[in-house]
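Asks: I'd like to ask some things about the structure below.
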Amino acid sequence: MILDLDIGNTLSKWRLKDADSSEIRSRGAVWTREEWRPGADIPDLDVVESVRISSVARQAVLARTVTLLRHRVGGVHVARSTPEALGVTNGYEEPARLGVDRWMGVLAGYQLAGGCCSVDCGSAITMDFVLPGGRHLGGYILPGLRLMKESLKLGTRNVAIDPDSEADELLEPGVRTVEAVNHGIYMAAVSAVNRIYSEVCDQQGVALPLLVTGGDARVVSRGIQAPHAVWPDMVYGGLEACFPLTAAERAGRMSGAPEVPRPVALEKIRAGLAFSMLL
Ligand SMILES: Nc1ncnc2c1ncn2[C@@H]1O[C@H](COP(=O)(O)OP(=O)(O)O)[C@@H](O)[C@H]1O
Ligand SMILES: CC(C)(COP(=O)(O)O)[C@@H](O)C(=O)NCCC(=O)O
Ligand SMILES: [K+]
């Protein structure tokens with residue numbers, strides 16, 4: 001079995017993948033704590049042959065996790081942000097400083113769709129752009145839904161947006177604090193994603209495929225106007241592409257990769273931007 005780990009600022013996600021059949025056998029998540037430890041909610045390491053890790057937690061957390069795993073598992077692969085990988089050049093002035101979860105998302109997105117915009121809706125909402133040809137432009141970081149809600153200190157942090165609510169309902173003015181906050185942060189997130197996507201496509205003169213991942217991907221997706229695909233395993237896709245271990249991975253296939261809808265014509269994106277400026 002292959003253990004894939006995606007350690008974010010809020011949640012440490014894991015999945016177990018069968019190295020022979022490439023099937024995902026189990027998955028889960030635990031709060032990102034001081035230390036990642038196998039336990040009741042985390043897989044039995046005895047069945048694990050290799051581990052692949054993407055971590056944006058504090059360096060000490062990663063170091064302890066790796067030490068613990070190296071005692072028990074043969075191959076431990078830790079992803080890093082590099083100046084270049086898999087045909088993509090990292091746009092950061094200091095490439096190593098780009099969050100490795102963003103880099104994994106960018107590499108997976110490029111492998112799947114070519115030039116693209118990757119959006120990761122987690123503790124932070126990040127947007128990254130890669131042009132066809134592989135030049136990563138850099139991106140945007142804004143607070144995630146939960147962080148925005150907590151920063152208001154209105155006691156609404158534990159009342160999440162119902163992921164099944166209709167986008168139309170979320171547009172309406174709230175008539176209770178929880179509703180006003182949920183609708184406000186939702187609008188902040190989706191307005192930013194829509195605007196940034198359109199602005200960058202306009203500036204670069206290309207309509208890019210759009211991919212969305214992260215714990216809040218489903219709810220944010222409801223407010224994204226442009227055609228896009230939600231890909232919950234996008235960070236894992238980057239790990240598969242960087243450290244291919246199965247026959248399917250060596251052939252370039254990433255588990256759970258979605259069908260990517262064709263972007264709308266650039267003229268339509270530009271018309272949308274021009275229209276919103278006129279109002
Ligand atoms: N069951 C859940 N438990 C915790 N957070 C959840 C859950 N479902 C959705 N979320 C949202 O997902 C976010 C965490 O998403 P994730 O992509 O795992 O973040 P990170 O990678 O930063 O740890 C939380 O901030 C919260 O808004
Ligand atoms: C921006 C992030 C905090 C997002 O992390 P996440 O929300 O997935 O936990 C992470 O990618 C990170 O720590 N990045 C380093 C700074 C940068 O990318 O510029
Ligand atoms: K994120």
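Residue 1 is the first one shown; counting continues down the chain.
Just so you know, glycine gets a Cβ as well, placed from its N, Cα and C.
TrEMBL does not curate its annotations; it predicts them automatically.
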Asks: Per TrEMBL, what member of SER81, SER118, SER123, SER151 joins ASP6, ILE7, GLY8, ASN9, THR10, LEU11, SER12, LYS13 in binding ATP at one site?
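Replies: Of SER81, SER118, SER123, SER151, SER123 joins ASP6, ILE7, GLY8, ASN9, THR10, LEU11, SER12, LYS13 in the ATP site that TrEMBL records.
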Asks: Round to the nearest Å and give the CA-to-CA distance linking THR10 (ATP binding site) with ASP101 (active site, proton acceptor).
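Replies: The separation of the Cα atoms works out to 13 Å.
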Asks: Among residues TYR92, GLY99, VAL100, ASP101, ARG102, THR177 annotated as binding substrate, what is the maximum Cα-Cα distance? Answer in Å.
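Replies: Between the most distant Cα atoms of the substrate site, 40 Å.
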Asks: Determine, using Cα-Cα distances only, which of these binding-site residues is closest to THR177 (substrate binding site): ASP6, GLY8, SER12, ASP120.
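Replies: For THR177 (substrate binding site), the spatially nearest of the binding-site residues is ASP120.
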Asks: With the Cβ under 6 Å from ligand 1 as the test, give me the qualifying entries from the binding-site residues GLY8, THR10, GLY99, SER123.
Replies: GLY8, THR10, SER123
Asks: Go through the recorded positions GLY99, VAL100, ASP101, ARG102, THR177 and pull out the ones with a Cβ less than 6 angstroms from some atom of ligand 2.
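Replies: GLY99, ASP101, ARG102, by Cβ distance under 6 Å.
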Asks: Which state, by DSSP, holds ASP101 (active site, proton acceptor): helix, strand or coil?
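Replies: DSSP assigns ASP101 (active site, proton acceptor) to helix.
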